[in-house]
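Reviewing the structure listed below.
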Amino acid sequence: MNMLIFIIAGLLVHCVFLASIFDIYFTSPLVHGMTPQRTPLPPPAKRLVLFVADGLRADTLYELDDNGTPQAPYLRNIIEYKGSWGVSHTHVPTESRPGHVALIAGFYEDVSAVAKGWKENPVEFDSVFNESKYTWSWGSPDILPMFAKGASGDHVYTYCYTAEKEDFGAQDATKLDTWVFDHVKNFFQAARSNQTLFSKVNEEKVVLFLHLLGIDTNGHAHRPNSREYKDNIRKVDEGINDIVSMLEDFYGNDGKTAFILTSDHGMTDWGSHGAGHPSETLTPLIAWGAGVNYPQKVTFQFFEDEFLKEWKLEKWKRLDVNQADIAPLMASLIGVPFPLNSVGILPLDYLNNSAHFKAESMFTNAVQILEQFKIKMTQKKETTLSFLFTPFHSQMLRRTDVTTLYCHHNLSSLCMHRLRLLSDTEQINILRKARSYIHQEKYHEAVSLCKTLISLALEGLSYYHTYDRLFLGISVVMGFVGWTSYVILLIVKTHTSLTRSTHDKASTVLLLYGFAAIGVLIAFFLLIQTCPWTYYIYCLLPVPVWYAVVKEFRVIQDLASLLLVFPLGQSIGFLVAGALGIEILVFSFFYRSTLTVGLIAFAGWPLITRLWAQAKVTTLCWTLLCLLLAMFPLMPVVGREPNISLVTVAGLVILLISSFFLACLCKSKNKYVPKKDLTILLFQMLSIALSTYVVNSTHSSLHHKQGLPVINQIISWTTLASSLFVPLLSPTFFFQRLLSILLSLMSPYLLLSTGYEALFPLVLSGLMFSWIYMEKEALQHYDDSLKPKLAVLNFSYTTDITQFRQLHLDDIRRSFFFVFFIVTAFFGTGNIASVNSFDPASIYCFLTVFNPFIMGSLLVWKIVIPFVLVSCAFEAVQVTTQLSSKSLFLIVLVISDLMALHFFFLVKDYGSWLDIGTRAVTWE
């Protein structure tokens with residue numbers, strides 16, 4: 001019963017700690033209650049056409065081919081003669097949903113929003129579409145519905161093709177873009193004969209959104225440097241040319257249409273996106289038409305990326321923006337209110353309008369962002385006691401900003417100090433000053449002041465968004481340290497012979513009352529501040545945890561006494577070794593080569609402990625397999641081409657191993673082999689042979705653009721399903737059961753592999769078998785009376801708990817080995833935290849139609865398979881070394897919690913899925 005309570009308490013504590021990450025680091029930055037702000041002057045355009053070429057890289061669009069011909073001749077002509085151009089710098093994670101939200105709503109969506117759904121709106125937000133009079137959109141069902149659902153009223157119309165058309169194995173993915181262009185043409189053709197529709201499309205403040213997914217689909221399927229990807233760009237270029245000509249004809253060349261072409265994200269050379277490589281974050285931006293500046297020729301311009309010379313565009317001024325800046329640009333062009341949650345700064349260089357219009361637009365931009373700051377500050381004031389509230393004080397205001405404001409805006413040093421605080425009074429004063437400049441036609445000064453105000457307001461938004469981060473972090477860490485301390489005391493008390501202390505009931509009662517009083521005070525403090533209910537959990541959880549720790553003060557006394565008589569040199573040595581081991585595990589999450597160093601050290605373990613003298617063959621196998629496995633973390637996880645021949649080799653090797661085992665079974669004279677066991681083994685061998693064939697057949701079919709064969713898909717899903725239960729039917733003897741698990745899991749792993757990673761489970765499982773035998777030898781090395789027999793080990797037998805021994809120091813090493821092997825299983829060939837480190841081709845044997853949840857689940861299962869192999873081996877080690885699973889589990893829990901304590905301080909709420917996930921998932 002006590003163990004059950006402990007497990008429930010442990011699950012509860014860790015669930016709370018995991019949930020705290022999202023409250024501390026990943027809460028939505030959005031606020032509500034702002035007033036819409038629009039430029040008071042007439043806009044230059046009546047309508048806006050937004051082309052988003054999903055997955056289009058800036059360098060691929062702007063570069064010339066080997067013959068000096070542009071990839072997109074029509075768009076190149078726009079750059080040189082009709083419009084403005086530049087690079088839009090996207091924020092990571094470079095995924096479709098956050099990219100479109102930044103483009104159309106003007107803010108960078110947080111991780112928690114994406115985690116709640118790709119097609120639904122996890123948070124309410126405003127957008128340019130919502131502010132428009134009418135928006136018509138054509139494209140992917142994964143993108144368009146979220147803007148229609150988030151719009152107020154019924155003025156955002158979507159026309160989507162079916163999800164089944166998003167097929168990576170399709171013969172021609174350009175059909176996705178052709179579908180969009182054709183439907184836009186048909187729409188306007190219908191508008192000529194439909195008076196209601198005709199009047200709507202001729203209204204002001206109209207947006208036409210064309211989402212073009214073909215380039216992204218071809219990039220995933222064939223890579224961005226492929227002929228298919230570049231041909232798709234030419235198709236899009238021709239389609240845009242046709243749409244522009246059609247719209248100009250439809251509207252009678254009225255000069256009131258603005259056009260913008262951009263992309264949500266780029267793509268790596270290996271066909272993925274999500275991280276922060278320049279090929280993913282640099283996207284094209286080309287604008288032309290009503291209200292947009294014409295090309296500006298320059299004699300010199302400098303950019304660190306040095307792409308201008310490569311693109312042959314040195315003479316035309318390049319105007320770079322942040323991706324969120326495009327939303328206020330679109331709003332300004334057609335005269336709609338800036339999206340309420342936008343943090344974009346209007347790129348004035350793109351506007352072809354009067355200085356007055358630019359100043360008014362920038363003033364509107366400043367007011368719109370300042371509104372968010374005011375709401376955020378008010379919300380935080382209402383939930384904080386006045387004497388504890390610390391207002392925003394800018395630490396980042398640059399000296400140049402101070403000089404500009406002081407010299408050009410005649411602000412005193414006292415006013416400058418208040419400006420840094422951005423108090424309500426100073427906000428009003430600065431806005432009045434900016435308005436005064438506009439009235440005096442000092443437009444440059446007004447723009448300069450507004451830009452500085454925007455910079456401060458954005459900094460203040462971030463300050464109040466993270467206001468409680470330190471307070472909550474301290475509370476969580478206190479609870480976490482308390483829990484880890486309690487687990488250590490529990491190990492010492494129940495699984496060692498180091499202490500035999502008992503509780504003092506009187507002292508326990510006093511402690512209970514004392515901690516109860518502390519809990520009441522904390523609850524009262526949170527209550528008077530009207531804190532959210534989750535704050536009560538995070539702040540009160542340390543109270544019972546530390547009560548449980550302090551209640552074991554007798555154990556703490558005995559442990560302290562023992563440590564005092566222990567040789568100081570050995571104590572320091574054990575501490576250093578433990579700390580070094582934890583740091584190696586932590587470093588391995590960021591530098592995979594650390595795993596190689598660790599495995600090389602493991603290879604020398606038998607030599608240090610002299611185990612090699614009593615088990616030379618086992619030691620040789622252990623050393624060779626450690627060195628072989630050490631090669632995998634050094635191999636690239638991204639940027640590699642599929643190598644199906646290595647998958648075939650892995651399939652043949654596992655077939656040879658299973659055939660050898662089958663031959664040994666058949667030749668065995670002393671043992672009867674049941675027919676059922678032979679049938680299961682033959683079925684598993686057949687599954688591996690079929691998996692090897694399906695991988696080769698599928699990739700050959702896709703290479704020849706014949707799609708995914710249905711029979712291959714059926715075999716793949718059947719193999720995956722059978723692999724989950726077939727091992728349960730195998731014999732329960734040690735070697736047979738572990739081999740059966742390996743054979744069953746290798747079939748789906750082969751189907752999910754595209755290269756060298758197919759060999760990884762083979763080497764890992766070989767090392768796991770060696771580990772089990774090495775631990776058997778180690779146990780005999782330290783205690784000659786313990787001689788486990790692996791040949792007769794049966795997992796179905798109930799273990800006699802009287803045979804369990806107490807823990808000793810070598811068991812800490814065993815637990816460390818397990819945690820290290822688990823980390824190796826996770827990071828040996830990829831990164832559990834980021835789907836960007838996996839090749840999308842991995843799942844082509846199961847499906848080629850875009851489905852993020854199924855694809856993600858398959859990739860997660862691919863990661864879990866090596867984990868299962870290590871876990872099964874650890875169970876065998878536990879039985880072999882005659883330890884209770886509880887004792888080793890507690891040591892593993894302490895090691896994991898110490899690692900988690902590191903990761904808690906390393907969690908990031910910005911960066912790529914790889915950066916975010918490495919820190920967030922490791923904490924989990």
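Each Cβ is built from the backbone N, Cα and C atoms, and glycine gets one as well.
In TrEMBL, annotation is done automatically, which means it is predicted and not curated.
Values in this document were obtained by computation on a predicted structure and should not be read as measured data.
Positions annotated as domain 'GPI ethanolamine phosphate transferase 1 C-terminal' by TrEMBL: 459-912.
TrEMBL lists 470-489 (among others) with the feature transmembrane segment. Non-local neighbours of the transmembrane segment (470-489) in the same chain are 10, 13, 16-17, 20, 23-24, 535, 538-539, 541-542, 545-546, 548-549, 552, 555-556, 559, 890, 893-894, 897-898, 900-901, 904; each lies 6+ residues outside the stretch with a CB under 8 Å from one of its CB atoms.
Remote same-chain partners of the transmembrane segment (510-527), defined as residues 6 or more beyond its termini with a Cβ less than 8 Å from a stretch Cβ, comprise 535-536, 539-540, 543-544, 546-547, 550-551. Feature annotation from TrEMBL assigns transmembrane segment to 510-527 (among others).
Summarising the annotation, TrEMBL assigns transmembrane segment to 533-550 (among others).
Annotation source TrEMBL lists transmembrane segment at 562-582 (among others).
Tertiary proximity for the transmembrane segment (588-608) is limited to same-chain residues at least six positions away from its ends with a CB under 8 Å from its CB atoms, namely 615, 619, 622-623, 626-627, 629-631, 633-634, 637, 774, 817, 820, 823-824, 827-828, 903, 918, 922. For 588-608 (among others), the entry in TrEMBL reads transmembrane segment.
TrEMBL lists 620-638 (among others) with the feature transmembrane segment.
Residues annotated as transmembrane segment in TrEMBL: 644-666 (among others).
According to TrEMBL, the transmembrane segment annotation covers 707-726 (among others).
Among the features that TrEMBL reports, transmembrane segment is placed at 758-774 (among others).
Residues or ranges marked as transmembrane segment in TrEMBL: 815-833 (among others).
Sequence annotations record features per position, and here TrEMBL assigns transmembrane segment to 853-876 (among others). Long-range Cβ contacts of the transmembrane segment (853-876) within its own chain (Cβ-Cβ under 8 Å, at least 6 residues beyond either end) map to 118, 720, 734, 738, 741-742, 745, 748-749, 752-753, 760-761, 764-765, 768-769, 771-772, 793, 795, 818, 821-822, 824-826, 828, 830, 832, 835, 838, 840, 842-843, 846-847, 885, 888.
Within its own chain, the transmembrane segment (888-907) is flanked in space by residues 10, 17, 21, 24-25, 473, 476-477, 480-481, 483-484, 487-488, 490-491, 495, 581-582, 585-586, 589, 807, 811-812, 814-816, 818-819, 874, 878, 919-920, 922-923, which lie at least six positions past its ends and keep a Cβ under 8 Å from the stretch. According to TrEMBL, the feature transmembrane segment maps to 888-907 (among others).
Two recorded stretches are said to be in contact when at least 3 C-beta pairs lie under 8 angstroms, sequence spacing 6 or more; the transmembrane segment (758-774) and the transmembrane segment (620-638) meet this definition. Mean pLDDT, taken over the domain 'GPI ethanolamine phosphate transferase 1 C-terminal' (459-912), works out to 84 on the 0 to 100 scale. Through the fold, the transmembrane segment (533-550) approaches residues 13, 16, 19-20, 23, 468, 472, 475-476, 478-479, 482-483, 485-486, 489, 511-512, 515, 518-519, 522-523, 526 of its own chain, all at least 6 residues removed from its boundaries and within a Cβ separation under 8 Å.
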